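One structure is given below, encoded as structure tokens.
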């Protein structure tokens, strides 16, 4: 049980110390510190006086330490104070805050070589709508936002065209985007009719009954078509490959506040393919006749902020024996809404992520953001929720 003592008087012993008296003892507290977190350090006796190192805010000293203020008695015990440190308490508070933060996947950003051609493919073949488009000539790029519903409620794609750049290296780390459609075969026929590229004909997913197919946009980005009923979020997946699945799950759960929605493992294939990423290159495997087995040689974890049939999710894929990937320069980042970009940055740092843009407002538009890298180097941007809605207005 927490016991307390009551402050009966206070006075200023100097310009830097605050003298606090209880029923039978008094203490000197430095003004330069803040009393917003627990007292820390040791209590030293000196001429009948005890000096306590604490957090204390001089601008609020009279409001925080008035007569009758209640202070935990455990903080005034002789000898060492309680082992818990204020930094540990703060760290725990930040991670607890993440769980209750109002977060949503806003959009995914990537580069394209022909903006108009890509917009035409997405609208005519994939059924997306062009939500907005902007040109920034001073920075030599243009943006287009497309999706299946308004940006304030739906996950969207943000296409970036950089003047004069018509081709990008997609790399092998980025996997695909997922789109839920009512009829996969019909969508594939439409893609073919428009001259699009189909890389996997409609068929049930291996080990399941869901009908899927794969198509490519004009830039080479792959889209997995998944046959589902009506859903509020047709743009439903972003698949990225990672080198340590458990590490990634832990990172996104703690620092991003995502849930582990589903995990599919195929450990029985591990013993058959104990090879390096070099051995598992497409050419080598085809030569030795094992390319047929490659699609099953992975483990998948779906992470998100709600059920995958109603929300966009992050699909993390671990391929056995491969720990690093070429990320190329095509895929850029996912943007996530948050109520506080500053606390979001703290959580990322605590969980082993790297902040590559300190939290704060963007020049001109003043939207507050922070950018980070996960343990595999994949980039995400947290965007202030209020500022995002203002930007849409």
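Note that Cβ sites are derived from N, Cα and C of the backbone, with glycine treated the same way.
Straight from TrEMBL, the features:
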ACT_SITE  224  active site, proton donor/acceptor
BINDING   158, 176, 224  Zn(2+) binding site
DOMAIN    104-228  domain 'VOC'
DOMAIN    234-385  domain 'VOC'
Mean pLDDT, the domain 'VOC' (234-385)?
85
Between the Cα atoms of residue 158 (Zn(2+) binding site) and the residue listed as 'active site, proton donor/acceptor', find the distance and write it as a whole number of Å.
18
How many other Cβ atoms sit within 10 Å of the Cβ of residue 224 (active site, proton donor/acceptor)?
21
All-chain count of other Cβ atoms within 10 Å of residue 158 (Zn(2+) binding site):
20
Can you grab the distance from residue 224 (active site, proton donor/acceptor) over to residue 176 (Zn(2+) binding site)? Cα atoms, rounded to a whole Å.
7
Quick one: give me the count of other CB atoms within 10 A of the CB of residue 176 (Zn(2+) binding site).
19
What does DSSP give as the helix, strand and coil breakdown of the domain 'VOC' (104-228)?
23 helix, 58 strand, 44 coil
